[in-house]
Amino acid sequence: HRLPNICTPGVGKTTLGKELASRAGLSYINVGDLAKEGELYEGFDEEYDCPILDEDRVIDELEDKMSEGGVIVDYHGCDFFPERWFHIVFVLRTENSFLYDRLESRGYTGKKLQDNIQCEIFQTLYEEAVLSYKKEIVHQLPSNTPEDLERNLDQIMQWIEQWMKDNN
């Protein structure tokens with residue numbers, strides 16, 4: 001009984017990922033938390049005031065779980081994960097006015113705030129995803145309001161049900 005692996009880079013991914021996991025019976029993995037617990041870092045970035053992820057160690061850590069299937073991976077990007085891991089990638093997009101307030105309320109300031117906004121303006125995440133995966137598995141979803149969240153959950157649940165029919 002196979003289950004799909006899903007990556008949800010972008011904004012609002014944690015709320016979506018957790019809710020989706022509980023509705024669909026998938027496992028939810030927050031890569032940031034995983035790295036923190038296993039100290040999967042290779043240094044510290046002074047400019048961004050945050051540790052630098054050791055991508056190879058993260059991949060080693062997740063490999064077995066990913067090959068079993070049924071995993072939602074929550075990370076702000078997805079371009080360094082092996083292409084074979086994911087059956088679908090949903091990039092969550094937000095309008096900058098919403099994003100600015102959301103990040104500011106989390107205490108993001110200066111460069112970190114600017115870069116997060118820039119990244120969204122230039123569609124960086126979407127472009128990275130399209131370059132890293134087959135175009136047909138990468139989808140964008142709006143992530144501005146609670147209504148968007150509900151709609152996205154419904155849409156992804158439908159996709160999962162269809163995938164299960166096609167692949168089992």
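Glycine is treated like the rest: Cβ placed from N, Cα and C.
Curation does not apply to TrEMBL; its annotations are automatic.
Quick look at what TrEMBL annotates:
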{"type": "BINDING", "residues": "Gly10, Gly12, Lys13, Thr14, Thr15, Arg106", "note": "ATP binding site"}
{"type": "REGION", "residues": "30-53", "note": "region 'NMPbind'"}
{"type": "REGION", "residues": "105-115", "note": "region 'LID'"}
Folded-back contacts onto the region 'LID' (105-115), same chain, C-beta under 8 angstroms, at least six residues removed:
47-50
List the other residues in this chain whose Cβ sits within 8 Å of the Cβ centroid of the ATP site residues Gly10, Gly12, Lys13, Thr14, Thr15, Arg106, in sequence order.
Val11, Leu16, Gly17, Asp74, Leu92, Ser143
DSSP on the region 'NMPbind' (30-53): how many residues come out helix, how many strand, how many coil?
8 helix, 10 strand, 6 coil
Neighbourhood of Thr14 (ATP binding site) by C-beta distance under 8 A, where only residues 6 or more apart in the same chain count:
Asn30, Asp74
Tally every other Cβ atom lying within 10 Å of the Cβ atom of Thr15 (ATP binding site).
14
Which of Lys13, Arg106 has the fewest nearby Cβ atoms, counting only those within 10 Å, among these binding-site residues?
Arg106
Non-local Cβ contacts of Gly12 (ATP binding site) (under 8 Å, 6 or more apart, same chain)?
Leu92, Thr94, Ser143, Asp148, Leu149
Mean pLDDT for the region 'NMPbind' (30-53), as a whole number?
91
